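Reviewing the structure listed below.
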Amino acid sequence: MAGVFDIDLETEEGSEEDDVEGSGEIDLGLKGNGIQSLGPCEEFEISEGNVNSGSEKIGPHCFEMIRVLGKGAYGKVFQVRKVQGTNVGKIFAMKVLKKAKIVCNAKDTAHTKAERNILEAIKHPFIVDLIYAFQTDGKLYLILECLSGGELFMQLEREGIFLEDTACFYLSEITLALGHLHSNGIIYRDLKPENIMLNSQGHIKLTDFGLCKESIHDEAVTHTFCGTIEYMAPEILVRSGHNRAVDWWSLGALMYDMLTGSPPFTAENRKKTIDRILKGKLIFPPYLTPDARELLKKLLKRNPAQRLGGGVEDAADIQKQPFFRHIHWDDLLARKIDPPFKPQLQSDEDVSQFDTRFTRQTPVDSPDDITISESANQAFLGFTYVAPSVLESIKEGFSFQPKVRSPRRLNSSPRTPVSPMKFSPFEPFKASVNAEPMELTAPVEVTAPLPIKNPSRKKKQKGGHGHCGR
């Protein structure tokens, strides 16, 4: 399960080469209101003093584990049911992260807090909702809405490629989500099918904010080398400094993937993929419509200043393109347009859209076997969170009552997730010997000869540091 639920992280030694100064100091400026330390578990007491009448103490004991949805180097993700307090019976996703592994690297710690803060601050119909956050001596817990439709990747795997109308719907919702992030000074930086989830109705939700960069407004740039190679913009690869325009390159790479079966410059290994992104020709299969070709060429401009969406209008420039002429954007934002695919779910607990390698496992939240020092724990002050909607429900006496396919699989080009830890700052990425300098012009359009190769798709085992596991 990807996105917010994807916790496969980098385990290699190294550190991120970011534009943030400092080499280990952690900002302890986060302040939590209403945090009360009770034994080994930091719990948030919703009391008469901050809500009115009634109280709820949130901790691991409030949730019953149902299924494993994903796992990685730093923790696990479970499908859980709320068994105490507000929202009794409701199904959530619970991400559990091990502090001991996170605090070993100051950048991991900083990104974990940044992701949690973004999830708290950003509310949008097409971005995953954070409901609760709390911690014990050894672990961090994030309680998120459970997106039972699974990854968009799985839908692509089943279909091979999407019709243009189908791709248009998903790309439209993604465009609104990215535009909202950008309007709040946030660059997403890891757009790919694995990080796009579907809710029970089939609408998309962006997840995995571990590689986001905050406070990027106007002419500000950042230099972090991070993302997933096949969807990574050229300016990230050459470390020339990048801004929010990198997300629109990734949107173009994702669109190409949806319509052809693989990202535009994929090769047999990472080095060759990078070379193609920097210098390769953009090949179009003959079945693409002129509108699709035109949009792809504008999004996959190697010069970010010339790239569609790279100007002050940002997402608005993309929304005006002929490819989206049939989209009614207000209705789309209100989720009044029916998605092209609605998951066939038998109940709120249905996990049929997730990988059976995980869902067949017995869900167990292992005990806190390692307790970090008090000074290290200071890094997580203010982590606790209860969504305003939950507080409002308590005020109003809300009571939640729970509601009482056989696809083909395909193999595809490898995905190569990359994090700031993938490359040591002492060993920066080196272009191939005798490589030509990066071209700052649009890729050359070439029409692929017939016959078109059947698309195939393979999900690569993740090793990237920031895939929501921090």
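Here, residue 1 is simply the first one shown, and the rest follow in order.
Just so you know, glycine gets a Cβ as well, placed from its N, Cα and C.
Among the residue ranges 34-56, 333-355, 402-424, the one that TrEMBL annotates as region 'Disordered' is 402-424. Taking the C-alpha positions, the distance from ASP190 (active site, proton acceptor) to LYS71 (ATP binding site) comes to 19 Å. Predicted-model confidence for the domain 'AGC-kinase C-terminal' (325-395) is 79, expressed as mean pLDDT.
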